[in-house]
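**Q** What Swiss-Prot shows for this protein is this:
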- 1-19: signal peptide (SIGNAL)
- Cys36-Cys66: disulfide bond (DISULFID)
- Trp49, Tyr63, Lys154: thromboxane A2 binding site (BINDING)
- Trp52, Gly136, Lys154: leukotriene C4 binding site (BINDING)
- Cys62-Cys112: disulfide bond (DISULFID)
- Cys162-Cys178: disulfide bond (DISULFID)
- Cys174-Cys221: disulfide bond (DISULFID)
- Cys211-Cys230: disulfide bond (DISULFID)
Amino acid sequence: MNAVITSLLFLSLVGLGYSWKYPRNADQTLWAFRTCQRRESDNNILKKWYTWELPNDEKTHCYVKCVWIHLGLYSKSKKSLRVNKIEKQFTSRGVAIPSDLKSMEGETDGSCKAIYDKTISFFNNNVADLRTAFYGTIEESNKWYSENPDAKPKGTKISKFCKDNNREQGESNCKHACSAYYYRLVDEDFEPIYFRLLEIKGFSNEDIDECIKQTSGRQGCQSSDALYDCLKNKNSAALKAALQILDDQSARTY
C-alpha cells in the first residue's frame with residue numbers, strides 16, 4: 001500500500017496539478033493529518049504528531065511536507081506554500097491572520113527539510129491558532145461534525161456510511177458518488193486526485209493516466225464512476241485490496 005501511495009504522490013506532483021476549494025472542513029483536514037500519520041509506525045513519534053509537536057528530525061520533516069500536500073497547500077510547480085489559502089483558512093474560522101504569515105512565502109528546493117524549515121518558526125509562533133483554524137483539536141473537530149450530520153462520522157466505515165440511505169447514488173443515479181470521495185479517489189468536485197491514485201498498488205502510471213482520461217467530459221459523480229470502473233477493469237483484485245485497507249482504516253482513525 002505504501003508503494004502505491006508513493007507512486008500516486010509522485011505522479012500527481014510531477015504531472016497533473018490540483019487546487020482544492022478553500023476553506024477546508026474538519027473532515028478534509030482530519031483526512032490529511034491521518035493519512036500522513038499512518039505512514040509512521042513509531043508510536044513515540046506519532047504521540048508527538050498527535051499533539052502537534054514537530055521535532056527537528058527527518059521523519060517529521062517529511063510528515064510536515066505530507067500534511068501540506070494533503071491539505072492542498074503546497075504547490076509542486078512553484079515549490080512553495082499557498083499562503084493565500086492559509087490566510088483564507090484562518091479568516092474563515094474567525095482566527096486573526098498571524099502577523100508573520102508572510103514568512104511562509106517564497107520558493108524552497110522542494111525537499112522535506114526545506115519545507116519544514118520554511119514552516120517551523122511560523123508553526124511554533126502560532127500553533128494554538130493553527131489548531132483552531134484547521135480543526136486540530138478534538139473540541140473543534142467534534143463541534144464541526146455535530147453541526148454537519150451529513151458528513152461521515154468518525155469511527156464509521158466508509159463502506160457502511162456510503163451504503164446507507166443510497167448515498168452512493170449522489171445526485172445523478174451514480175454507483176460510487178460517496179465512496180469514491182471518502183476514499184479520496186476524487187475530490188469534492190469529483191475530479192481525480194492524481195497523487196492519491198498513484199498510491200494504489202497494482203496499477204502502472206499509464207493505467208492511472210488512461211483511467212483519468214476516461215473521466216473527461218463526464219459530469220459530477222459520473223466522473224467518479226468512470227474512474228472506478230476503469231480501475232476495476234484494469235485490476236479488480238488490486239483495487240479491491242486497496243479499498244479494503246482504506247475502509248478498515250476509516251473505522252479506526254478516520
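Using N, Cα and C of the backbone, Cβ positions are placed for all residues, glycine too.
Looking at the shown structure, can you explain where the listed features end up?
**A** The DSSP secondary structure for Cys66 (disulfide bond) is helix. Taking Cβ-Cβ distances under 8 Å and a sequence gap of 6 or more within the same chain, the neighbours of Cys66 (disulfide bond) are Thr35, Cys36, Arg39.
Taking the Cβ of Trp49 (thromboxane A2 binding site) as centre and 10 Å as the limit, one finds 19 other Cβ atoms among all the protein chains shown. Secondary structure from DSSP puts Trp49 (thromboxane A2 binding site) in a helix.
Counting only same-chain residues six or more apart in sequence, the Cβ atoms lying under 8 angstroms from the Cβ of Gly136 (leukotriene C4 binding site) belong to Thr29, Phe33, Trp52, Leu130. Under the three-state DSSP scheme, Gly136 (leukotriene C4 binding site) falls in the coil class.
When Cβ atoms from all protein chains are considered, those within 10 Å of Cys62 (disulfide bond) total 18, not counting its own.
Cys178 (disulfide bond) falls outside any helix or strand according to DSSP and counts as coil.
Around the Cβ of Cys221 (disulfide bond), the same chain contributes Gly170, Glu171, Ser172, Cys174, His176, Ala177, Ala180, Phe190, each under 8 angstroms and 6 or more positions distant in sequence.
Within its own chain, Cys230 (disulfide bond) has Glu210, Cys211, Gln214 as residues 6 or more apart in sequence whose C-beta sits under 8 angstroms from its own.
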**Q** Counting across all protein chains present, how many other Cβ atoms fall within 10 Å of the Cβ of Trp52 (leukotriene C4 binding site)?
**A** 15
**Q** In whole Å, note down how far the CA of Cys112 (disulfide bond) lies from the CA of Lys154 (thromboxane A2 binding site).
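**A** Cys112 (disulfide bond) has its Cα 30 Å from the Cα of Lys154 (thromboxane A2 binding site).
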**Q** What whole-number distance in angstrom separates the two most remote CA atoms of the leukotriene C4-binding residues Trp52, Gly136, Lys154?
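**A** That value is 20 Å for the farthest Cα pair.
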**Q** Given the disulfide-bonded residues Cys62, Cys112, Cys162, Cys178, state which is nearest to Trp49 (thromboxane A2 binding site) when distance is taken between Cα atoms.
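**A** Spatially nearest to Trp49 (thromboxane A2 binding site) by Cα position is Cys62.
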**Q** Are there recorded positions among Tyr63, Cys162, Cys178 that sit within 10 Å of Cys112 (disulfide bond), Cα to Cα? If so, list them; otherwise say none.
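**A** So the list reads Tyr63.
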**Q** Looking only at DSSP and grouping its letters into three states, which state does Cys211 (disulfide bond) belong to?
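**A** Reduced to three states, the DSSP call for Cys211 (disulfide bond) is helix.
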